[in-house]
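To start, the structure under review is shown below, and the notes come after it.
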Amino acid sequence: MELDAILDNLSDEEQIELLELLEEEENYRNTHLLYEFAPYSKQREFIDAGHDYPERCFMAGNQLGKSFTGAAEVAFHLTGRYPGTKGYPADGKYGGEWKGKRFYEPVVFWIGGETNETVTKTTQRILCGRIEENDEPGYGSIPKEDIISWKKSPFFPNLVDHLLVKHHTADGVEDGISICYFKPYSQGRARWQGDTIHGVWFDEEPPYSIYGEGLTRTNKYGQFSILTFTPLMGMSDVVTKFLKNPSKSQKVVNMTIYDAEHYTDEQKEQIIASYPEHEREARARGIPTMGSGRIFQIPEETIKCQPFECPDHFYVIDAQDFGWNHPQAHIQLWWDKDADVFYLARVWKKSENTAVQAWGAVKSWANKIPVAWPHDGHQHEKGGGEQLKTQYADAGFSMLPDHATFPDGGNSVESGISELRDLMLEGRFKVFNTCEPFFEEFRLYHRDENGKIVKTNDDVLDATRYGYMMRRFARMMRDIRKPKEKKIPAPIRPVRRGR
């Protein structure tokens, strides 16, 4: 029933009461936006990664929700109202419990942005609301009821210097005061020195010196930094550190316009077309401009295809790249010999999983299919344990007898990459659009300033290369589904000879 029809059936007093209730509900929603945050899968992946990685980089295109993600996470830390705790409402829209980094005490956070103006219009607006409209914070990600007090900055109109925020335990009990400071990069490195804080959020890419200073301020509490930005400056020092020389504490999550659920397919294509061609990769896909350094300078739409059932006459091979601290990867490659076209149909990638765990994850599609593997499969566990290859064979994988090589015995990375790239350009290498881990690596695979391939974040690509190199051992899907029955010849009857 429409609101007007409902109102017509109510007395004047009832109408006033109903409108007051609706107004009260809207006001509550506007001052508790944190509870409306329902992360997309990429946003959730970034937040969850905080459990294992002190330094995280959310590299995303424009207007995809990266700053809202950063603001929501900071608000959860400032208030302690993590999803799944008593401080978070049962009807909140987060969906599931909090799996990311968790602080168990009131925190001090620094929020960084490029200038006083951009801080006011972006991070501060998302965390606090528009001060120029409301004359007070409380209309952003930080619930209004949790803001104790705030102080304006003398450096720019409506810029907040800092906020005092109520912090809560997992039982929803207030246990102290968190502090949130806003800091622009434009004030220089000196303004980023001297304090001890729990965490720092850099929205838009900071100069490397300021990134280092901000991170250093968090050393006492184990280090904590998050970056959310569109990489319009290409392979800057910060981007280079995370992509080319990452430490074990660093994690990059890439989000493209195709991961944003608030746009229709038509809107996505319209937005991409509106960007200057040389900026499309950065603005739509969050991919830094790498110039001639990027290896696959091929539009990913030209190699993407819809998933389909594997025909009986296709040949199939699986392949894997071993890993523990960095992810291991398992892929499945289909080969249509008639058309000489390859399809990457399945991908699985995960860190710190044993051979048995990996088999449990891929058994449904890897059973009885030959598996190509790299030369490090000959290595033994520390302390003289089994070879890696043997561990995976024991778990259930149909490991090929020898490690991956070309038919001539070579295993050149350059040769493998070159052949795969040529197949892509000729339209003879396709990837199911469900294989997102492949595309995440495909977008960022590059060479360094000396022309050498940077061997980071390449687990799926390596596995794909191994499968392609060993395609001569692929099995026809018909034989995998319906193994040939061994026909036992009839016994030979003795021939009677005449006397």
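Each residue, glycine too, has its Cβ placed from N, Cα and C.
Between the listed ranges 175-180, 199-204, 235-240, Swiss-Prot ties the annotation motif 'Walker B motif' to 199-204.
Annotation note: E204 (active site, for ATPase activity) sits in a coil segment as assigned by DSSP.
Taking the recorded positions E204, D321, D459 in turn, the residue surrounded by the fewest other Cβ atoms inside 10 Å of its Cβ turns out to be E204. Broken down with DSSP, the region 'Interaction with the terminase small subunit' (1-58) shows 40 helix, 4 strand, 14 coil.
Of the recorded residues, D321 (Mg(2+) binding site) and E204 (active site, for ATPase activity) place their C-alpha atoms 34 Å from one another.
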